[in-house]
């Protein structure tokens, strides 16, 4: 990465075809593991929160849903607030260490302190004297760990735009991030599967006797999360020049330019709302699959407890395999075709789930369904995140706010969906959770598909030639000439607010 100066303002440029200095191989891997703690926590939260609070702690369906809703609403508000603070709070110590990394560290500390209490029996026996007290007890700790989770999520996602302006490198960062996401989920399900089998709980359904098993799984999460967090903070050096450049640019730009670059100017762009719909629907598909798949397996298919760990494990193994292909697919086909592929797989899974019944389906076909939906979740999630980084482009000074805004919509909607499903739960309807899975794999997918195909960018990549002015220093410093550069393979012409590398 090189730096040139125009009117005393440093401007970052990239040497074509070269990897950015920030993305040396160790930093590349370190960035990927920086979200492992969040992924471990998210896997427990989305997959086993309702199972733990409803089946293990014996909360009613409505109260269990309310606990999850409190967590999602806290996450939504915290994500948006931290996005604004991360982009605009200029503190000397955070500037030297890195704005994103400082918020990442803050969130990690909160998660380590509060998470063990959120998935363990109450430390005060009198708390369990009433169901309301138990629910409030867990809500207290959930609020803190969701604030920490939001801080890690927002800062880590925004850091991808800060590390490199090159579109395909950003996609690669998101792909390796998702690869470690899949690894983290696999680890949670493997540990859960082993713990259940070792304690002779695998042949029964979840109940109050599984309290100890959840504590063991949380202990493993804490150990692995601590190790990966340390690797992230050692291996990733946040490019502080981004902070200085954005600040000096804001100091020297005109009023019109400042208005165009402001956070609030985004709300005038219709593309923002299209991107938000894609991101929100993708997250609903993925997260609600994690939340209600165990309920579907236990209530509808009547499978034993070990299958509630084995089938999600199989789903994420297929997601991991697909994550290796996400970058080449996005480069060759473009965002729209890649996302459409994921939508078709999601709709196919919904149809198979709807018509599937009997022992043959529950013993054999359900494995194929989980493999397909795992591939679909990988495609839609990575592609939706890549579309968001495309929208941010080179305006990284509002990157955290953008991701915070996207996350706000998905957290609120996820919480509302969970609360609605649990409130409408029908004990006399054996196919209730099967219908929930079908709706989750169809409605959000169709809405996201409409939003994706109407985006002004994200189509098939094509080679574009653009003019890049170069200043030559010598006898006459005012002599300039233009030199043509081709956008690297896989890059396409993007709107004005999107980076062109």
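Cβ coordinates are placed from backbone N, Cα and C, and glycine is handled just like the others.
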Segment assigned the feature transmembrane segment in TrEMBL (from 242-260, 337-355): 337-355
TrEMBL annotation (transmembrane segment) - matching range among 367-387, 388-408: 367-387
Which range of 276-296, 465-485 is transmembrane segment, per TrEMBL: 276-296
From 86-104, 105-123, the residue range that TrEMBL assigns the feature transmembrane segment: 105-123
Among 25-52, 172-196, 216-236, 276-296, stretch most in contact with the transmembrane segment (308-325) (C-beta, under 8 angstroms): 172-196
Leading contact stretch, 64-85, 216-236, 276-296, 438-457 vs the transmembrane segment (337-355) - CB distance under 8 Å: 438-457
Contact ranking winner - 25-52, 172-196, 216-236, 438-457 against the transmembrane segment (276-296), Cβ under 8 Å: 438-457
Outside the transmembrane segment (64-85), six or more residues from its ends: residues with CB under 8 Å to it: 45, 49-50, 53-54, 103, 135, 138-139, 142-143, 146-147, 149-151, 153-155, 158, 263, 291, 400-405, 407-409, 411-412, 414-416, 418-419, 421-423
Per Cβ pairs under 8 Å, the stretch of 172-196, 216-236, 438-457 packing most closely against the transmembrane segment (25-52): 216-236
